[in-house]
Amino acid sequence: MSWKVVLLLVLLATPTGGLEESYLEESCSTVTRGYLSVLRTGWYTNVFTLEVGDVENLTCTDGPSLIRTELELTKNALEELKTVSADQLAKEARIMSPRKARFVLGAIALGVATAAAVTAGVAIAKTIRLEGEVAAIKGALRKTNEAVSTLGNGVRVLATAVNDLKDFISKKLTPAINKNKCDISDLKMAVSFGQYNRRFLNVVRQFSDNAGITPAISLDLMTDAELVRAVSNMPTSSGQINLMLENRAMVRRKGFGILIGVYGSSVVYMVQLPIFGVIDTPCWKVKAAPLCSGKDGSYACLLREDQGWYCQNAGSTVYYPNEEDCEVRSDHVFCDTAAGINVAKESEECNRNISTTKYPCKVSTGRHPISMVALSPLGALVACYDGVSCSIGSNKVGIIRPLGKGCSYISNQDADTVTIDNPVYQLSKVEGEQHTIKGKPVSSNFDPIEFPEDQFNIALDQVFESVEKSKNLIDQSNKILDSTEKGNAGFVMVIVLIVLLMLAAVGVGIFFVVKKRKAAPKFPMEMNGVNNKGFIP
């Protein structure tokens, strides 16, 4: 590969500049701006009839040969595709069933196209299979290799005939076999047969491997020249067409093919090409890492759940929650509108004042800190907490310095790598401006003791409400406890008083008994002779 090709690939994969990344201390997140949108707004259908020719009536009976081997490959591939076509009809019935929507995702191996796109494509394929539709398409191609055909439901499709293999078989191979049988000494004929047969065999293999629905558009399904003609015929502006022509690889990745069926010696399939009808509107990307605040061994942790791509479209903001919904080429972001969610423009407040905004910024909560690295376009967010060692490094000198506990933002201008224990993360070398927006970490607003357990994808204001309710419950519990303690104290005092009174009563009783026992006894006057005349000694 020449240095010019390498340089071209690097330029295509790297934004041309103008990116600006903001690190938000308040929420441990980054917002990267400066991207331009390329949004899919529709699909363009191209129907192909790949003509094989009359191979069924060609036979080789004069022993092994290259021609015989290639001919058997062609016949076997045609039979295999008939089986795939029959299985395809059964699978499409499942895809179109509302109860079997989950089968849609299984219909495409890589999930490049959305489920809705596959379902819509299958609906068109079912229409093309209706009696008369294939005949009408082939009729439109009788005198030309390319024509626009209108289906019975009013859908206009581009029809393309691929006759190279058929023409070779009918005009060169068949006469040669009839004359010399299959033992043709001309090696050039055998090589030519293999070359013309290659596209057909590869188309069969791709539909067979992917059960009738391919996850992308290969050069065999659609040559580059055919793709250029199809894109040029799309009902959109010249600027959008030029952008798609400049990014043909992305058009292929975002498209898919569906097998229509085998009709005699004709293989009919359709290719769905994305129409990127919205271009050059602003897009930005949000990344985040867990933000935790600790107290006495307990933690309150928050993680922004509104991460993903955002693009402006027709005055509204479209949010793409899954990173695979969008792909970056240079400074353009290719996204599928079917995967987007319209959000209010106030959602931008989550990037400015997440603690005070009334917009329901989505977060997840937890009481257990998680250490991780979130790579951003111009750097990395590092969440480093207890039990984990974190550091940044250089490809030339190794470790530069360790990182402290908490959330840190590492610019790709300051380091090449980030390490958490053993895993090493390589930072991108995309150029752009970077700056930090200071702010108090939102997690520090919460007492870890009162912080709720794990909650996923809830509004931040609900977290505040939940904590406030927890505080109120704790306050009420304390009041009840205080009143209970006071009541218990009063009850104890009454019991003590009663016991004291009883003890006092017992003491008084004992006092009088003792006093009575100590008092002198009162006997009658002593009788003697002096005072008792009747006394007889």
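Just so you know, glycine gets a Cβ as well, placed from its N, Cα and C.
The feature signal peptide is assigned by Swiss-Prot to 1-18, with sequence analysis given as support.
Taken from Swiss-Prot, the feature topological domain 'Extracellular' covers 27-493, and the record attributes it to similarity to another entry.
The feature region 'Fusion peptide' is assigned by Swiss-Prot to 103-124 (among others), with similarity to another entry given as support.
The region 'Fusion peptide' annotation in Swiss-Prot covers 103-127 (among others).
When Cβ-Cβ distances below 8 Å are used as the criterion, the coiled coil (125-153) is approached by residues 47, 49, 92, 96, 159-163, 229, 233, 258-261, 263, 266, 268, 270 of the same chain, each at least six residues removed from its ends. Positions annotated as coiled coil by Swiss-Prot: 125-153 (among others).
For CYS283-CYS311 (among others), the entry in Swiss-Prot reads disulfide bond, with the evidence type similarity to another entry. For CYS283 (disulfide bond), the same-chain residues lying six or more positions away in sequence with a CB closer than 8 A to its CB are TYR35, LEU36, SER37, TRP309, TYR310, CYS311, GLN312, CYS326, VAL333, CYS335.
Sequence annotations record features per position, and here Swiss-Prot assigns disulfide bond to CYS292-CYS301 (among others). When Cβ atoms from all protein chains are considered, those within 10 Å of CYS301 (disulfide bond) total 24, not counting its own.
The feature disulfide bond is assigned by Swiss-Prot to CYS326-CYS335 (among others), with similarity to another entry given as support.
Annotation note: CYS361 (disulfide bond) sits in a coil segment as assigned by DSSP. On its own chain, CYS361 (disulfide bond) has ARG304, ASP306, SER347, GLU349, CYS350, ILE354, ALA459, LEU460 as residues at least 6 apart in sequence with a Cβ closer than 8 Å to its own Cβ. The disulfide bond annotation in Swiss-Prot covers CYS350-CYS361 (among others).
What Swiss-Prot lists as disulfide bond is CYS384-CYS390 (among others). Neighbour list (CYS384 (disulfide bond), Cβ cut-off 8 Å, at least 6 residues apart, same chain): SER371, CYS390, LEU403, GLY404, LYS405, GLY406, CYS407, SER408, ILE420.
The feature coiled coil is assigned by Swiss-Prot to 459-484 (among others).
According to Swiss-Prot, the transmembrane segment annotation covers 494-514, on the basis of sequence analysis.
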Checklist entry - So which of the disulfide-bonded residues is most packed in, judged by how many other Cβ atoms lie within 10 Å of its Cβ, out of CYS311, CYS390? => result CYS311
Next on the checklist: Given a separation of at least six residues and a C-beta threshold under 8 Å, show me what packs close to CYS292 (disulfide bond) in the same chain.
Outcome noted: TYR299, ALA300, CYS301, LEU302, PRO369, ALA383, TYR385, GLY406, SER443
